[in-house]
Amino acid sequence: MGNFRPTPPCDLETGPHKARPPPPPSPHFHPPAPKSWFSWLVPLIFAANIAMFVYTMYYNDCPAHGNKDDCLFHKYLGRLSFQPFKENALLGPSSNTLLKLGGLEKKLVVEGGEGWRLLSCMWLHVGVVHLAANMLSLLFIGIRLEQEFGFVRIGVLYLLAGFGGSLLSALHAKSTVSVGASGALFGLLGAMLSELLTNWTIYANKCAALFSLVIIIAINLAVGFLPGVDNSAHIGGFISGFLLGFILLVRPQFGYVSRRYIPPGYEIKRKPKHKCYQYLYGITALVLLILGYAYGSYELFTGQKMFSLPV
């Protein structure tokens, strides 16, 4: 007799039984890459500062208030010519013009009730050199931040940081008029640092990014110690921006997937949107920011310290 090979059990509907394939791996869902915002607010701020400087020089009208031959480039610029070099080495208007148009002067803010100067001084500049340095920094830093976080958050950050810089500048003011967007720009630098710290999990080259940013900040702060530079505005703007970054520039932690990117029928374990330390940073920064603004405003307008340390 021949060899007999038993046939495998058979199901009338599915045929012979086969080994079941292994279950498919759990699906991994990734949100789409964040879309870049269109930057229009920072270019608008840039244009507003340029327009304000042109108007400042038009209002200054150097030839009408002295010997026109002393005005720099009078032959080519006419009414827009600059004050004599010995009066303004940065190629700009007189200090009296800056004061009339909204420059920061402590006496006018406190005794004259002109608190609006804490914001208006952000849109004035001492001269072409001052304006060029600030506007290049604005475009270099501001456009990237607006593309990543949008115009609302960057606009609020810019104004509040500028206010913080003006507030500290007024508290330590001398007899000179203080103007410029430096406080707001240092606020953007400070916010970049806090954004790196609070969103630490999403960065690949963390230490390199932190080191390069700290070097840039240190160089800019060092410039503030040069004669004639109001470093109080720089420090006040930087601290304000640093605290605001923890509040306004928070991103979801690495690996977070929004429910709207998960197809119906799938249930996966999702990470929380933010880590606990991000909430802690944000709440602490908000409290410190409110206390700082309140204390600075109280001391500026009353001339009294809210807290006095025993000697």
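Any Cβ shown, glycine's included, is placed from N, Cα and C.
According to TrEMBL:
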- 1-28: region 'Disordered' (REGION)
- 37-58: transmembrane segment (TRANSMEM)
- 113-249: domain 'Peptidase S54 rhomboid' (DOMAIN)
- 122-143: transmembrane segment (TRANSMEM)
- 150-171: transmembrane segment (TRANSMEM)
- 177-196: transmembrane segment (TRANSMEM)
- 208-226: transmembrane segment (TRANSMEM)
- 232-250: transmembrane segment (TRANSMEM)
- 279-298: transmembrane segment (TRANSMEM)
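Taking Cβ pairs closer than 8 Å, the transmembrane segment (122-143) reaches residues 39, 42-43, 45-46, 48-50, 52-53, 56, 82, 88-93, 98, 101-103, 154, 158, 162, 166, 179-185, 188-189, 192 in its own chain, all 6 or more past its ends. For the transmembrane segment (279-298), same-chain residues at least 6 beyond its ends with a Cβ under 8 Å from one of its own Cβ atoms are 163-164, 167-168, 171, 194, 197-198, 239-240, 243-247, 250, 304, 306. Taking every listed stretch (37-58, 150-171, 232-250) in turn, the largest tally of C-beta pairs under 8 A with the transmembrane segment (177-196) is reached by 232-250. Predicted-model confidence for the domain 'Peptidase S54 rhomboid' (113-249) is 87, expressed as mean pLDDT.
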